[in-house]
């Protein structure tokens, strides 16, 4: 159906006392992203013309963390209830737009459910998201008459009969801007809490003969709020289980779905295998037949076809061409690039360095600010000395170079194609093509020498 223009209000003013944290509750993360950012993203994906964020506690921290240009910051200086929060945002509502009300601590609400709610909203009425619970204690009850929604009664204000109702209010609703402003102006705080309840607009709408349509979410987790870290951890597990299920159904082999963590977006090819306790962060692309070993962390990287990343390897902001092998216990830092068939072994660290086709750095090596050609062998214990305490310098190694173990390359330095660096060499000057570079202290030998003995 054709929808009106729509703006979203996100309530995010609560202190989050039960989190026992200096951080505003809505900035605590789920899947590596602030809870409120999940809600903002849903609003934007839904096509919100404006997103009004009602804040109070920790406003400076919120503004530092949330940089969305579509946000309109609305201060709620006193926390006097949900209705009061909406009253602060009301001056920004256009009469001819719909207003959708969301919560910064309800992070798993889906765009699909919100779109169904938006589509179901009757002309001049209210769309309301509700669920039925076996134990509705503490929640506002949905009252009905002949099947039609007539109002919402908060638990503390409900009669014994009303407390038997299992259908409860999730707090998420949508209504026309002009209607919303009119109803908000009529709210009172004549209740047990002494607060202004947004839920009272349901009864006001019913009294005007307006229709209220209730919609149910696809999953209960979509409307579960977070008040403490235990609830947050449970929603994290729900979210991760859902992501793992999607990946399994799409053909990714997760060896243990309960021990897989997605904190971003994963794009993948066919026949990908991911072992236990792997963390995917940011935007990650895995090609066909990629294998990732246990305990790896992959962040904002592109991994080519047929690559294998062995256990406990950390990869961040990296590009790997096809058929590369990494690890175990390797660290590829931002700017590392491996061309086809390159190999980085255990305890090798790379940063802002390119390793050419078929080149190998097998173990115990640091490669920083380096450009390494094809078919190069980097021996164990090799270090590119790229930093003088103030500036970084580059090391360039041509194709077919052999670098012996325990070599230090003091940048800036260039090693020509086909050169050989003898083990234990400190390279301080450029090395020509096909040359042998060797710098060692002459070996001496003392016959019959005895080691010192400790005195007893």
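Placement of Cβ uses the backbone N, Cα and C atoms for every residue, glycine included.
The active site, proton acceptor annotation in Swiss-Prot covers 363 and is backed by sequence analysis. Counting every protein chain shown, the Cβ of residue 363 (active site, proton acceptor) has 18 other Cβ atoms within 10 Å.
Counting only residues at least six positions away in the same chain, the Cβ atoms of 316, 317, 318, 349, 350, 351, 352 sit under 8 Å from the Cβ of residue 333 (UDP-N-acetyl-alpha-D-glucosamine binding site). Under the three-state DSSP scheme, residue 333 (UDP-N-acetyl-alpha-D-glucosamine binding site) falls in the coil class. Residues or ranges marked as UDP-N-acetyl-alpha-D-glucosamine binding site by Swiss-Prot: 11-14, 25, 76, 81-82, 103-105, 140, 154, 169, 227, 333, 351, 366, 377.
What Swiss-Prot records for 105, 227 is Mg(2+) binding site, and it gives sequence analysis as the kind of evidence. Long-range Cβ contacts of residue 227 (Mg(2+) binding site) within its own chain (separation 6+, distance under 8 Å): 16, 18, 19, 25, 105.
Residues within less than 8 Å, Cβ to Cβ, of residue 386 (acetyl-CoA binding site) and separated from it by at least 6 positions along the same chain comprise 368, 369, 370, 392, 393, 394, 395, 411. Here Swiss-Prot flags 380, 386, 387, 405, 423, 440 as acetyl-CoA binding site, drawing on sequence analysis.
Look at Swiss-Prot and you will find 1-229 tagged as region 'Pyrophosphorylase', backed by sequence analysis.
Proximity of distant same-chain residues to the region 'Linker' (230-250), defined by a Cβ-Cβ separation under 8 Å and at least 6 residues beyond the stretch ends, is recorded for 28, 30-31, 35, 107-108, 221, 224, 257-258, 260-262, 266, 268. Summarising the annotation, Swiss-Prot assigns region 'Linker' to 230-250.
As annotated by Swiss-Prot, region 'N-acetyltransferase' applies to 251-456.
In the structure as shown, the Cβ atom of residue 380 (acetyl-CoA binding site) sits within 10 Å of 18 other Cβ atoms. Of all the binding-site residues listed (105, 154), 154 has the fewest other CB atoms within 10 A of its CB. Here the region 'N-acetyltransferase' (251-456) returns a mean pLDDT of 98 for the predicted model. Ranking the binding-site residues 11, 423 by the number of CB atoms within 10 A of their own CB puts 11 at the top. In this structure, residue 363 (active site, proton acceptor) is part of a beta strand by DSSP. The most densely surrounded of the binding-site residues 14, 81, 104, judged by C-beta neighbours within 10 angstroms, is 104. Of all residue pairs in the acetyl-CoA-binding list (380, 386, 387, 405, 423, 440), the one with the greatest Cα separation is 23 Å apart. If you take the Cα of residue 81 (UDP-N-acetyl-alpha-D-glucosamine binding site) and the Cα of residue 423 (acetyl-CoA binding site), they are about 73 angstrom apart, rounded to a whole number.
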